[in-house]
Amino acid sequence: MEREILRLGAPRSGPLLLVSPGHVLGYDPLLKVARWVCERLVQDGSGSARAHGRRPGFRADPRLSPQAAARPFDLRGSGLNRGHLAAAANATCRRSLQFSFLMSNVVAQPAAVNGGVWRRLEGRARALAASGPIRHCTSGPLFVPRVEADGSVALHVPLVGASRLPVPTHLFKLLVYPGKGGRLTSEAFVVRNGPENGAEALRECAVTVEELERLSGLRLLPRVRRRKLHQLTAADL
């Protein structure tokens, strides 16, 4: 029965997997934004995009169809920054730097967030990588409903530019690295993505992996047994 029903193929759904030098991402062609971007930060990371030559310009990802791809000019005049998910400063070679400037690796961010708490999170990741490899760094956008004054729940997502790119309500970053006693240590953060945000301390943004999964709808670290994962809390930061 199933074979007959689907003999012309099932509709494809879920994110498109795009593999790049330095990062892998799951891209949502409807929203025109990555749902998640994974990296592995190592000790020999440059810490500066300038180490790999002239800064590239942003460009549409040529692996995506014109209908699915975000374009560099989509955020022009919006007052929003083109924020990296896999940071350009994490690039270990010229090619990985170039791929970090594809729009598939970009989300709309207010300047205060991009240059504030998000930059500090990127710096923390590189500081941890300087003393040992970060085995898993995942970043992405969140679209979180809010409770209105009348008690109803609504999701407000502005759409900007000709491609109608969504502006996430929040952003997340998950870091996993070797800890003591053979266990892995994790740090999970959720950042508000509003123009009034950006000055928060990292400890104010700390959450559990379980809370991050609830907000994102993603199953994170599926190959890691939670009892072998030491989760840092706000008190540890």
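Including glycine, each Cβ sits where the backbone N, Cα and C put it.
Unlike curated entries, TrEMBL annotations are predicted automatically.
TrEMBL lists 19-227 with the feature domain 'DNA/RNA non-specific endonuclease/pyrophosphatase/phosphodiesterase'. Annotation comment: TrEMBL describes 20-227 as domain 'ENPP1-3/EXOG-like endonuclease/phosphodiesterase'. The active site, proton acceptor feature in TrEMBL is assigned to His84. The feature Mg(2+) binding site is assigned by TrEMBL to Asn114.
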Between Asn114 (Mg(2+) binding site) and the residue listed as 'active site, proton acceptor', the C-alpha gap once rounded to whole angstrom: 9
For His84 (active site, proton acceptor): intrachain residues, at least 6 apart, with Cβ closer than 8 Å: Ser100, Asn105, Val106
